[in-house]
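Features reported for this protein in Swiss-Prot:
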ACT_SITE  His535  active site, proton acceptor
ACT_SITE  His579  active site
CARBOHYD  Asn99  N-linked glycosylation site
CARBOHYD  Asn114  N-linked glycosylation site
CARBOHYD  Asn199  N-linked glycosylation site
CARBOHYD  Asn275  N-linked glycosylation site
CARBOHYD  Asn342  N-linked glycosylation site
MOD_RES   His127  tele-8alpha-FAD histidine
SIGNAL    1-25  signal peptide
Amino acid sequence: MLSRVAKLNSRLVSLALLGSQIAFGAITYQHPDDLPSGVDYDFIVAGGGTAGLVVASRLSENSKWNVLVIEAGPSNKDTPETRIPGLADNLPGTRTDWNYTTIPQDALGGRSLNYSRAKVLGGCSTHNGMVYTRGPRDDWNYWAEITDNQALKWDNVLPIMKNTEKFSQDFLDQSMEGHIDPSVHGFDGMLSVVASYTNVSFNNLLLETTRELSDEFPFKLDLNDGKPHGLAWTQYTIDQGAERSSSATSYLESTGDNVHVLVNTHVTRIVSAGNETDFRSVEFAVDANSPKKVLTAKKELILSAGVIASPQILMNSGIGGREELQAIGVDTLIDNPSVGRNLSDQASTLLMFDTTLPNTDYDVAAALTEWDNSRSGPMAYAARLNHLTWVRLPDDKLSGSDPSSGHDSPHIEFQFRQISHQLPPADVPNQVQLPDPDSIGVVLQFSVVNLYSISLGSVTLNNNDPFADPIIDLNMFGDQKDIAILREGVRSARRMFSSQAFKNVVHETVYPPAGVTSDEDLDAFLRTSAVSYLHGVGTLSMSPHSASWGVVNPDFRVKGTTGLRVVDASVIPRAPAGHTQIPVYTFAEHASALIADSYN
């Protein structure tokens, strides 16, 4: 797939003009030496990802405050391929990716997994599949309870989510009627959202299934009403111009020139600014061979480097478990063993069914030309199939206690991908043994996801080199209940495609083979096929002020420090039953208001 991306480079050169025509209010600098002298920054945001740019944008609304954002990756203006919805699956493994790999996973037979994380301005909102899900109300109420932060309750965050959303009721002349519930959406916010869909016969057959098997797969008018159970039209962060809407294109582009953005620059450490607990200074460099520089924020430093890099930066700064830091030669300034622990993610597997349905393939070069000329065609869509299904398993299929946050929360997600002879590029690492393409015909392909993994992983350090990749251990299937739930998800999917609606057009599974039906055989298949769904959170988890666990307090301040907060996916205590993009936006909006209010 990378070779295909290389072939597209010549087409993307013509699209580079798109970036040069966009005027940021913020001022972007390509190198630390380019930063203006004599500017004192009130706030420094270490990491220009989804959350970091929300925080920078909101703080800059006070025109008296100067804000600096430091981002390791390039500007999204310099990566025009990230703006095209139809290229989303091509981005992992490219220049906008950290290209992490996990350590071998014991329960997966020693397989290591690719762990894609965005390395570009806008972070994962510039690099992800653009799916817009808020998660169940149960998750938000659970987070509020375990963190002792009532501001996170569903009834309190729903207005935030609606206020930040700019939902479009039509897209490329497609009406949204019957695809969403307008009452649960906002229409005047920063982040553009649509419910775009392709007109394929598969859609109608899915809807027939919701009538035939309504108990397991009811039709859900809107997956973002707080009770996502059933089959619904997918919503995406795409704007009316058929381009990706990210924190870079929505929030950052609305700021004034009191925001400075330094790209292609690596944050190496957080540094004490004068006493043992005041961490308002940040150390950074272009690469390992470049000189390091230090800047100090007048008010606060906000760490927003993501679920992997944020704990890595804290540990390199001396904030972490004492024994672990001493072992790699880092002086311990704040002893907190919770740093880097509690990595909560979702396990998924690809399923393929032999089918006679029309395929969803298209000519990529022609589609790029169409998008370039008219912002229409296949590249205007984030996916070739446009439904999500959320399944709640019955109690007798849970192998013990219910891991979900409540009765309105699903355990399983189906994300439909494509109908094709080609295999999908993004979520199938090289370590997974897929069928030989020559041995299969046209196949329906989709992901089955265990939304509530009990197993927790970690991010630790190999050494004290801030430019070295950290050790990522997902501990996938460390708890047997996780593989049991995913196994039931596979069986649920087979029931869906054994329905009368699909009887004559969808046939036996080819991955896993049709004969793989017993618990033992399905588990063996999952151990060789499961991958991360790349929704990791929790490595710097929020917890109550008085808690003996966790890394940040409900006000996002790092425990035991002053002048330092963390705002990104790492503070979310547990992965939601959904995609993480919108919870990250919402946490960032909440944090921004707290920070601003503390100085007004």
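Note that Cβ sites are derived from N, Cα and C of the backbone, with glycine treated the same way.
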Shortest C-alpha distance to Asn275 (N-linked glycosylation site) - which of the recorded positions Asn114, His127, His535: His535
Distance from Asn342 (N-linked glycosylation site) back to the residue listed as 'active site', taken between C-alpha atoms, in Å: 18
Between Asn99 (N-linked glycosylation site) and Asn114 (N-linked glycosylation site): CA-CA distance (Å): 7
Among His127, Asn199, Asn342, His535, which are recorded as recorded positions, the nearest neighbour of Asn99 (N-linked glycosylation site) by Cα: His127
Fewest other C-beta atoms within 10 angstroms, as judged across Asn114, Asn199, Asn342, which are the glycosylation sites: Asn199
Sparsest Cβ surroundings (other CB atoms within 10 Å) among the recorded positions His127, His535, His579: His535
From recorded positions His127, Asn342, His535, the one whose Cα lies nearest Asn199 (N-linked glycosylation site): His127
Mapped DSSP class for Asn342 (N-linked glycosylation site), helix or strand or coil: coil
Asn99 (N-linked glycosylation site): tally of other CB atoms within 10 A of its CB: 15
